Amino acid sequence: MTFDLKTEEGLLSYLTKHLSLDVAPNGVKRLSGGFVNVTWRVGLNAPYHGHTSIILKHAQPHLSSDIDFKIGVERSAYEYQALKIVSANSSLLGSSDIRVSVPEGLHYDVVNNALIMQDVGTMKTLLDYVTAKPPISAEIASLVGSQIGAFIARLHNLGRENKDKDDFKFFSGNIVGRTTADQLYQTIIPNAAKYGIDDPILPIVVKELVEEVMNSEETLIMADLWSGNILLQFDENSTELTRIWLVDWELCKYGPPSLDMGYFLGDCFLVARFQDQLVGTSMRQAYLKSYARNVKEPINYAKATAGIGAHLVMWTDFMKWGNDEEREEFVKKGVEAFHEANEDNRNGEITSILVKEASRT
């Protein structure tokens with residue numbers, strides 16, 4: 001039986017009649033934001049798997065802002081499995097000094113494209129904090145970078161060590177995760193063209209990036225590791241960072257670790273250039289140092305540089321930070337990163353930064 005989970009009436013019918021949940025009066029609230037899902041917060045009179053407040057995500061087959069950008073609804077199955085895998089391996093991914101968590105996955109309904117998970121509470125994203133005036137302190141930014149770096153390195157270790165196990169092999173089938181990355185890479189050439197950049201390396205790089213993301217089985221990657229998917233939880237005095245939540249695991253798949261590197265570090269470069277140089281730089285340096293200390297395989301600096309370049313070209317225009325001239329300058333920096341990666345130039349601007357900062361272990 002299917003329900004219209006885009007409406008409150010349909011949602012209530014689904015929760016009460018299909019799942020037999022005791023929903024609190026006025027307990028349903030639609031959450032804003034999100035590119036591809038209709039998301040609800042639901043308060044309950046009686047606990048569901050130990051929780052009296054839950055989040056329900058209803059997958060849509062296209063971007064909220066662009067119905068022509070198609071994205072398969074089966075992605076929710078991969079998010080649910082990712083949450084289960086990370087939770088089951090929390091002792092390997094973290095330790096007493098790691099504050100990174102994911103919400104608990106509670107239920108997945110393939111018929112209604114519904115994913116129910118733990119409600120971790122209302123909090124701001126890392127993106128909110130780095131764009132605030134004033135932004136978070138450099139000390140907090142450094143802590144975030146260090147924590148995320150350690151967690152992602154251990155995720156990459158875990159993926160490499162378990163790729164032959166069925167519950168990990170499952171992620172190789174995330175075609176949505178692969179094709180979404182392909183669609184994003186296809187924006188590189190037109191994004192560069194907006195700023196009058198027509199470099200013969202662009203189609204070569206796009207082809208290489210697409211081929212790799214469509215075929216790589218190197219390790220398990222989060223694949224959407226940017227500041228909008230990182231929630232920061234502080235203590236009641238708003239002074240101590242107590243927990244970092246990584247959310248939106250729909251694109252989790254087997255693929256190149258450079259994709260995770262490119263997303264997070266590319267975000268750090270954007271923040272440093274357009275928001276706060278010290279915050280962005282501190283976060284980047286801490287991430288690289290922590291990632292290098294925890295990862296068991298050598299970092300491929302050329303691929304990481306290409307991933308950062310892709311992020312800069314794909315997202316500089318989208319974020320609309322700075323003026324046209326400043327954005328053009330930064331898109332050019334992304335294109336130059338492609339040349340660095342293609343030549344494996346350790347003395348290039350971005351590559352030299354990566355090598356230097358990752359070696360500070």
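Count begins at 1; order follows the chain as displayed.
Using N, Cα and C of the backbone, Cβ positions are placed for all residues, glycine too.
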With Asn37, Gln118, Asp119, Val120, Asp248, Trp249, Glu250 listed by Swiss-Prot as ATP-binding, which of these, Lys6, Lys17, Lys57, Lys133, is given for the same site? Lys57
For Trp249 (ATP binding site), nearby residues of its own chain (Cβ under 8 Å, 6 or more apart in sequence): Tyr78, Glu79, Ala82, Leu83, Val86, Val102, Met222, Asp224
Taking the Cβ of Asp119 (ATP binding site) as the centre, count every other Cβ atom within 10 Å, in any protein chain shown. 19
For Lys57 (ATP binding site), what is the secondary structure state per DSSP, taken as helix, strand or coil? strand
